[in-house]
C-alpha cells in the first residue's frame, strides 16, 4: 500500500518521466496514423446506425468518437469498419482495427480463451420485456397468463420457462423465426408483449404503430449481460485508455458537466474534482499517454454518458429508460473508480 | 448442319412473342392469345392459375406501392396510413447510390460513371465500330486508371477518399467491373491451360478451376476478411474492399474459364491445323485464330456470368462492406426510420432488376445478332 503511494507520488511529480512510461503499440499507431480505426456493428438501433445523412450515430459510435477525441484531438478522425458478428474477434486480433465496440457481451471465454481485454461496460442489459400499456401490468410477476412473442433458437425461451418454474406462474410464449415477423405479430395483437435483450426490445418498440402504447417492464431475467468495448490482449496501456475514456464520460455526468456547460464549468472551477477533470491539476492525461485536456474535449464534443444514452437509447432515441445504466447513486450499475 | 435445322425449328415460335399491339387488329390479338396462352389444356390451366394469382396480388401491390404511397416530406412523420413510404428512399437516395462518399466529392462518382459508360459504348455498340479492339483494350486499362484516380483521389489535387467511405450501388458497379476485368483474362489463360498439351500446366489449371468451383463464394469472402489479415505481417493491412475484389476475381475466373473452354471446344480443329500450316506459333494461333472465334461463341455465356456475379457482389455485406443491399440494411436500423424494411428491399430489388435486365437484354440482342451472322 505504502509502496503504491510512493510510486503514485513519484509519477505525480515526475511528469516528464510519466509520459515516457506510457508505451502502447496501438496508441502509438493511432497517433502516427492520426486516425482511430474502430470496429462497429454494420447497423443496429441504439448502438451504431447511420442517420439519413450517412453519419454514424449511437452509443458505441460515441465511444469511438470519444477515444479519437482523446488521442488525436478530433471526434471526426475515426475510420469505422462495420463488422459482422462472425468476423469481429478475428479482425480485432489481426490488428486491422484498434478497438472493437460492437454491442459485444463481455464473457469469461472472450477474456481468457480469445485473450481479449474487457476495458469497460458501456451498456448493461438483460432479457427485457415490453407489454401493452392497457394490460395494466407493472411487474414481471403480474404477467401470469399473458402471451409473449419470442424469437426461436435463443435462450430467451428457456429463461422464461425457468422464471415460470421458479415463481409458479405461467407466461405463455409464441415463437417466431424472424424479428420482423415477431414485431408484426405483437403489433397486430397476437401477443401481449415482446421480449429480447434491452436494446433489441427498445428497437422493436419503436417499430410499433403507436410506440407509446407499449411499456417496458423494469425487471430483467436470465442474468446480466454486460456489453462493452474489447481490446487486444498484451496492450495494457491502450486498454487503460479505452477504459478511462468511458469513465471520463461517467465522471462528467457525476460532476454535472454537460456538452453545453463544459466551457463555463472550465472557467476557473473551485471544485478540485472538476479541476482534475479539466486537466487544470495533475497529470492525468500524461499518465494515459495523451494531453491533459483530453477529458475536456470529450465532454465538449460528445457529451457525458447520460447525454449520449439519452440520444441513442433514451428519450431522444429508442425510449428505453436508463434503468441499470443509471449512475450508481441513482440505482444503476454504472460506476467508476475515483479520479485521484 | 443438324444445329441449323434445329434452329430453324425453334425460330418460327419466336416472332409470335412480339407484342400483339404491334400488329393492328383484334383478330391478330386473339390469334396471338390462343397461340401463346391457350395452346393446350395444360397451358390453359397454367394461364388461368397465373391470371388468378396476378388478380389477387397486383391490386394489393398497386394500392401499397402507388395509390396509398407517400412520396413527399422529409421525416417519418410524413408517412402514415397503409401505403409505402417512398419518402424513406428519397431522403436516403444519395446514400443508396454512393454510400458515405463525402457530399462535396460526389461529382467524382458521377464523372467516373460517365467515363465508364464512355469507354463501354464503343465496345458494346452494335454494328461496325472502328478500332473496337483498341477500345476494348482501353476499357480494361485506361478506364480503370481514370475511374480509380477519380474515386480514390489523393493525386491531381483530388482529396483522398478512403474505401471505407464507399458504399451503395457504386460498390456493386466497381466490384463487378474489377471482377470482370480480372476474371476474363485469367479465365482465358486457365481455359487455354486446361487444354494444354503440357501436363503440369494442364494439371495446375484443372486443380485451380476445380478448387475454386468447389468452394462457396461466402467461404472465399470470409477467408479474405478473416484469414488473410492473420497471415499478414503485423501492422500491414490490405484494404478490405481490395481483398474482396481479389477474392471475387479469383473465384469468378474459374467460372469464366469453364465458359471460355466451352467456346474453345466449339472451334473446329481444322482451324488450328490450318493456322499451324501457315507457320503461326502457338500463342499467335490462339490469339489470332482460335480465341476470336471461341469468344464470339461464348459472348452470351460471358454476359450471363457477369449478370450472376453482379448479383453475387451483394454477398460482400457478410464481411461488413456496404453495397446497395448493405446500405439498405443499415438504413433500416436508423431509429428515426425503423420499420421501413418493405420499402427498402423493394427499392433494392427494383434497382438490381433494372441493372440485370439491361445486361441480359443486351445479351439476348447480341445472341440474336451472332446467330444471324452464323446463318449467312
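Here the Cβ of each residue, glycine as well, is placed from N, Cα and C on the backbone.
Under the heading transmembrane segment, TrEMBL lists B:42-62 (among others).
According to TrEMBL, the transmembrane segment annotation covers B:107-124 (among others). Away from its own ends, the transmembrane segment (B:107-124) comes close to residues 97-98, 101, 131-132, 135-136, 138-139, 142-143, 146-147, 150-151, 153, 158, 161, 170, 173, 177, 362 of its chain (Cβ-Cβ under 8 Å, at least six residues beyond either end).
Cβ atoms under 8 Å from those of the transmembrane segment (B:136-161) belong to residues 101-102, 105, 108-109, 111-112, 115-116, 119-120, 123, 170, 174, 177-178, 181, 185 of the same chain, restricted to positions at least 6 beyond its ends. Among the features that TrEMBL reports, transmembrane segment is placed at B:136-161 (among others).
Among the features that TrEMBL reports, domain 'ABC transmembrane type-1' is placed at B:169-363.
Cβ atoms under 8 Å from those of the transmembrane segment (B:173-193) belong to residues 113, 116, 139-140, 144, 147, 151, 166, 201-202, 204-205, 208-209, 241, 244-245, 248-250, 252-261, 264, 286, 291, 295, 302, 306, 309-310, 313, 316, 323 of the same chain, restricted to positions at least 6 beyond its ends. Summarising the annotation, TrEMBL assigns transmembrane segment to B:173-193 (among others).
Annotation comment: TrEMBL describes B:214-232 (among others) as transmembrane segment.
Taken from TrEMBL, the feature transmembrane segment covers B:344-362 (among others). Within the same chain, residues 65, 84, 88-89, 96, 124, 169, 172, 303-304, 306-307, 310-311, 314, 324-325, 328-329, 331-332 sit at least 6 positions outside the transmembrane segment (B:344-362) and bring their C-beta atoms closer than 8 Å to a C-beta of that stretch.
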